């Protein structure tokens, strides 16, 4: 009997199309635009490989952040988590003389442990995610600086360095890792019950609880999974840096979060997908590469990066208004 009250279907505006698909077209436009301005440097095989390899670091870390933001949470500690995990792995190999394979396990396990630590604070202690992970940012960067004496340690064994610079055929290993992990994340989010729970918790936490979903467990496991992806990204970082440096991971959380929001995942949770995140990571990497080629001052670099973050938030606001989440 309510059929007569149904509202007519709203016609899509150009702004709707841009918000929905602009991220993918932006990747293509930016790539060719930068290529026209810097044809010799930008379109070289070496540079394209470097872009994709760099995108793998941000992109893999952004997979986990996508899961976290989908549940309406956040993690500001990813850069420090990567630094601490790499520091422990490098120290185990270089100073303790452990087998490189154990160093790899330590890096991934440490990142998962930090994810569990953050998840416990948020899901069990009911701490505000922003504050809890901000504390983790300071704690783990401070510990890493203390353990390494704020020094750079170089010289990774081939088993580790191959992860960052090795190839399978003609394809760099980081790029293979990138797509394998994105396919895995897509399957988890779109094809499993847990993925449904992630969207449900982010969309309406109270409704998810009433539907029988154990919300704290979902949030805890999301942070654990996030830690795994941070660990995999940290392996590539360690291999490409050939060790650990004090600046490793510094400010990386901003690039990662921006990639996720640019890719269409809403800060309010419940909306988003991993393929948009991948496109966002490529855009961030393209911009970083172009600014490096232009030799832009660090001051302007920060201004530009801040502007990109602002754009990401504006796009997220458009999405939320269109969906009726905010007015």
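Positions of Cβ are set from backbone N, Cα and C atoms, glycine also.
Sequence annotations record features per position, and here TrEMBL assigns transmembrane segment to 21-45 (among others).
Residues annotated as transmembrane segment in TrEMBL: 51-69 (among others). Residues 75, 78, 82, 115, 129, 164, 172, 174-175, 177-178, 181-182, 185, 189, 198, 202, 222-223, 225-230, 232-233, 236-237, 240, 252, 255-257, 259-261, 263, 265-267, 269, 272-274, 277-278, 280-282, 284-286, 288-289 of the same chain lie 6+ residues outside the transmembrane segment (51-69) yet bring a C-beta within less than 8 angstroms of a C-beta in it.
What TrEMBL records for 99-120 (among others) is transmembrane segment.
Here TrEMBL flags 127-147 (among others) as transmembrane segment.
The transmembrane segment annotation in TrEMBL covers 167-189 (among others).
The transmembrane segment annotation in TrEMBL covers 218-237 (among others).
The transmembrane segment annotation in TrEMBL covers 243-262 (among others).
According to TrEMBL, the feature transmembrane segment maps to 274-293 (among others).
Positions annotated as transmembrane segment by TrEMBL: 299-318 (among others).
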If we call contact 3 or more Cβ pairs under 8 Å (sequence gap 6 or more), are the transmembrane segment (243-262) and the transmembrane segment (99-120) touching?
no
Residue numbers, six or more beyond the limits of the transmembrane segment (218-237), whose CB comes under 8 Å of its CB atoms:
53, 56-58, 60-61, 63-65, 67-68, 70-71, 73, 75, 78, 81-82, 85-86, 89, 104, 107-116, 118-120, 122-124, 160, 163-164, 174, 177, 181, 185, 188, 194, 197-198, 201, 208, 248-249
